[in-house]
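Notes for the one structure printed next.
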């Protein structure tokens, strides 16, 4: 999971929400560890000023799935990156397609990116 750029590890729900709200962009998303269910992850998505959280888990056979809207057929993916790619498309059972990955930065240095926007020292937002 550490190889997934949007995975922030064991951050609190509040910290994840602050990171997403700081972007101000609907469709911004990140992955973090669930605080309440060990071994489960949370896919957090910003939409109209609210954070929507979807549980993501890995089956015993290694497949990945997300709990989406009721009535939406549960899909399984071989890799977490495939799950993220699928949810970048509309009508997948989440509030808005995943559009702007909020990546965890490896260095704590603030830089002037190629977009000319100063980046937060802990995250990097990439436009598609």
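Keep in mind that glycine also has a Cβ here, set from the backbone N, Cα and C atoms.
Under the heading compositional bias 'Basic and acidic residues', Swiss-Prot lists 117-128. Among the features that Swiss-Prot reports, domain 'SH2' is placed at 6-104, with the record citing sequence analysis. Annotation source Swiss-Prot lists N6-acetyllysine at 89, citing a large-scale study or a structure entry. Among the features that Swiss-Prot reports, region 'Disordered' is placed at 106-128.
Sorting the domain 'SH2' (6-104) by DSSP state (H, G, I as helix; E, B as strand; all else coil) yields 18 helix, 32 strand, 49 coil. Within 10 Å of the C-beta of the residue listed as 'N6-acetyllysine' we count 9 further C-beta atoms, all protein chains included. The average per-residue pLDDT of the prediction over the domain 'SH2' (6-104) is 96, rounded to a whole number.
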